[in-house]
Amino acid sequence: MNSTLSLNRPVRNYTLGSFKNPKLIEARPSRHQLCSHLIDFSKLKWFGNVNSRTGSSVQQQLRDYSGESRRITSRRIRVSSNDAQFGSFPNKGGTESSSFAEFITSERVKVVAMLALSLALCNADRVVMSVAIVPFSLAHGWSRSFSGIVQSSFLWGYLISPIAGGTLVDYYGGKAVMACGVTLWSLATFLTPWAAENSLLALLFARAMLGVAEGVALPCMNNMIARWFPSTERARAVAMAMAGFQLGNAIGLTLSPILMSQGGIFGPFLIFGLCGFLWVLVWLSATSSTPDRSPQISKYELDYIMNKRQKSHAVESKPKTKMIPPFRRLLSKMPTWSLIVANAMHSWGFFVILSWMPIYFNSVHHVDLRQAAWFSAVPWCMMALTGYLAGLWSDTLIRNGTSITLTRKIMQSIGFVGPAVALVGLTAAKTPSTASAWLSLAVGLKAFSHCGFLVNLQEIAPHYSGVLHGLSNTAGTFAAIFGTVGAGFFVELVGSFQGFLLLTSLLYFLAALFYIKFSTGERVNFDESADS
């Protein structure tokens with residue numbers, strides 16, 4: 001008799017009446033335990049054909065007993081084969097968690113990989129001028145202050161587009177707006193040699209148009225990640241996308257001198273511009289704006305994303321965002337201002353380091369342009385690595401029960417206080433290697449900000465993350481312009497980079513205190529009902 005395996009009594013004694021017995025109902029501690037019992041009964045078919053009819057009858061009656069139990073039982077039985085395939089296991093909360101093998105081969109990782117490539121191109125196109133500015137300055141006799149103005153021309157355009165671009169992203173979605181943005185900035189990069197040959201005004205206009213186009217990149221990234229990733233994976237996804245962003249700096253800084261030596265000063269502009277056009281073709285043909293529109297996504301992955309999204313109030317759970325966002329209500333909340341201050345300080349430090357470090361190594365430590373580019377590129381590789389590790393740590397903290405608010409404050413504190421301390425050490429560096437080590441530490445710890453304010457944008461305003469990112473990016477662009485141009489004038493007046501680095505360190509400390517005081521990881525109500 002194969003029906004008596006380790007059972008004290010035959011399975012056929014389990015009748016519908018016994019399951020409706022109040023004592024048995026009271027004996028179960030919770031609904032979740034009932035669900036685990038249901039899974040055990042679903043396995044009765046392995047005990048042989050003798051009780052298969054009884055097992056089917058019991059399962060049918062249990063499905064009628066509770067709608068919710070029915071859904072849980074069905075899902076558990078249906079996903080069991082996927083669990084075996086992907087190695088997914090229930091987490092402490094009783095919901096399925098995605099294994100690393102499933103995550104790394106999923107459709108959503110393909111989307112974030114494409115986003116990382118676009119951000120790499122974004123920064124590579126941007127950083128070429130940081131290397132080309134040295135021969136440009138020598139050829140045209142530009143002063144340090146005027147070189148700062150030329151480099152800041154990118155930021156003039158970048159100042160215009162984030163709010164309008166963020167609004168378009170919230171309305172039309174990240175896929176379409178990102179395709180338009182990459183097309184425009186690749187065209188501006190490709191035409192830069194022609195502009196530089198004609199006039200200074202044309203060169204400044206081309207760089208400004210590059211800024212206009214690149215202003216939509218980060219809002220698009222935030223929008224796509226909010227649509228494709230559940231909250232427990234968003235920090236990791238942002239870290240992966242921003243790793244591409246930082247590697248773009250390293251690629252631009254290291255390849256530009258090589259391409260210039262082989263193809264002239266305009267070589268990297270042409271190569272990076274063509275790469276952007278190729279990326280657009282792949283993006284439009286291989287990705288979808290939302291998971292439910294993707295023809296390549298598996299049923300398992302779609303169910304996983306949608307189930308997680310329902311529990312975390314996804315972007316798509318609300319009707320389409322209004323074309324004109326509620327700016328007054330957005331700016332009336334202190335969490336909004338904590339993001340604005342954080343983005344402003346992040347952009348100040350980012351663009352000062354990005355724009356001036358090749359010149360810093362060339363003028364302070366007297367290394368040639370190619371060596372200066374390599375010394376400047378190493379920190380961005382460190383930032384890509386530490387950014388991904390920060391994302392893993394951040395997601396782990398949340399899964400283990402740490403509140404989202406505390407997690408974001410921890411990440412942002414490391415992302416600001418760490419660079420502040422490292423920049424103080426940089427001012428005392430006596431050799432290029434020591435300076436590069438301090439700079440790598442500063443930029444590497446700065447990556448923790450991506451798991452602070454950058455993810456926080458999606459959490460406090462999922463329906464307005466694009467426009468909120470645009471608002472904070474606009475403030476960041478003002479800070480970046482002031483920092484980039486101000487650094488040139490400061491060095492001319494004071495005669496030293498060290499004083500400006502100390503000022504930046506102080507601002508990092510103050511911004512960290514402001515974010516800790518006013519930020520939150522909870523959703524903030526920016527809708528009209530909040531006023532009533």
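Positions of Cβ are set from backbone N, Cα and C atoms, glycine also.
As annotated by TrEMBL, domain 'Major facilitator superfamily (MFS) profile' applies to 111-523.
For 111-136 (among others), the entry in TrEMBL reads transmembrane segment.
The transmembrane segment annotation in TrEMBL covers 148-169 (among others).
Among the features that TrEMBL reports, transmembrane segment is placed at 176-196 (among others). Sequence-distant contacts of the transmembrane segment (176-196), counting only residues of its own chain at least 6 positions beyond either end whose CB sits under 8 Å from a CB of the stretch, comprise 115, 118, 121-122, 125, 128, 136, 165, 168-169, 202-203, 205-207, 209-210, 212-217, 219-221, 224, 266, 269-270, 272-277, 279-280, 283-284, 289.
Residues annotated as transmembrane segment in TrEMBL: 202-225 (among others).
The feature transmembrane segment is assigned by TrEMBL to 237-259 (among others).
Summarising the annotation, TrEMBL assigns transmembrane segment to 265-284 (among others).
Away from its own ends, the transmembrane segment (337-357) comes close to residues 126-127, 130, 148, 151, 155, 249, 331, 372, 375-376, 379, 412, 415-416, 419, 439, 442-443, 446, 449, 452-453, 456-457, 460, 468, 471-473, 475-480, 482-484, 487-488, 497, 500, 504, 507-508, 511, 514-515, 517-519 of its chain (Cβ-Cβ under 8 Å, at least six residues beyond either end). Marked as transmembrane segment by TrEMBL: 337-357 (among others).
The transmembrane segment annotation in TrEMBL covers 377-398 (among others).
Counting same-chain residues at least six beyond the ends of the transmembrane segment (410-429), those with a Cβ under 8 angstroms from any Cβ of the stretch are 235, 342, 345-346, 349, 390, 394, 397, 435, 437-439, 441-443, 445-453, 456, 498, 501-502, 504-506, 508-509, 511-512, 515-516, 519. Among the features that TrEMBL reports, transmembrane segment is placed at 410-429 (among others).
Sequence annotations record features per position, and here TrEMBL assigns transmembrane segment to 435-455 (among others). Distant neighbours of the transmembrane segment (435-455): 218, 222, 234-235, 238-239, 242, 246, 338-339, 342-343, 346, 349-350, 353, 357, 360-361, 364-365, 375-376, 378-380, 382-387, 390-391, 393-394, 407-409, 411-416, 418-419, 422-423, 425-426, 429, 472, 515, 519; these residues of the same chain sit at least 6 beyond its ends, with a Cβ under 8 Å from one of its Cβ atoms.
Positions annotated as transmembrane segment by TrEMBL: 467-491 (among others). If you look at the transmembrane segment (467-491), the same-chain residues 6 or more away from its ends with a CB under 8 A from one of its CBs are 144-149, 151-152, 155-156, 158-159, 161-167, 170, 215, 218-219, 222, 325, 327, 330-331, 336, 339-352, 355-356, 453, 457, 460-461, 497, 499-500, 503-504.
Per TrEMBL, transmembrane segment is recorded for 497-516 (among others).
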Fill in: Contact between the transmembrane segment (377-398) and the transmembrane segment (237-259) (3 or more Cβ pairs under 8 Å, separation 6+)
yes
Worksheet item: Honestly, do the transmembrane segment (237-259) and the transmembrane segment (148-169) touch, with at least three Cβ pairs under 8 Å and pairs 6 or more apart in sequence?
Response: no
Worksheet item: Quick one: mean pLDDT on the domain 'Major facilitator superfamily (MFS) profile' (111-523)?
Response: 85
